[in-house]
């Protein structure tokens, strides 16, 4: 059974909603959705890159550099 031959798969143009593009609420919602998706893709990319590593990476236990634990300008915690 081919989905493309059925009339249920195709939407008529009447069902498409007309959304005003200058609506501030819609723009804010779109920005949040885009930021969420970009964060998801970044986490997915980082996760796939770390799966192939063995041992601690930079910034991890015994590693050097990174935002934590490196030689930075933050408080020393003494």
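Backbone N, Cα and C define each Cβ position, glycine as well.
As written in Swiss-Prot, here are the features:
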{"type": "DOMAIN", "residues": "26-47", "note": "domain 'IQ'"}
{"type": "DOMAIN", "residues": "48-78", "note": "domain 'Collagen-like'"}
{"type": "MOD_RES", "residues": "36", "note": "phosphoserine"}
{"type": "MOD_RES", "residues": "68", "note": "citrulline"}
{"type": "MOD_RES", "residues": "68", "note": "omega-N-methylarginine"}
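For residue 36 (phosphoserine), applying a Cβ distance below 8 Å and a minimum sequence separation of six or more within one chain yields no residues. Note: the domain 'IQ' (26-47) comprises 22 helix, 0 strand, 0 coil (DSSP; helix = H, G, I, strand = E, B).
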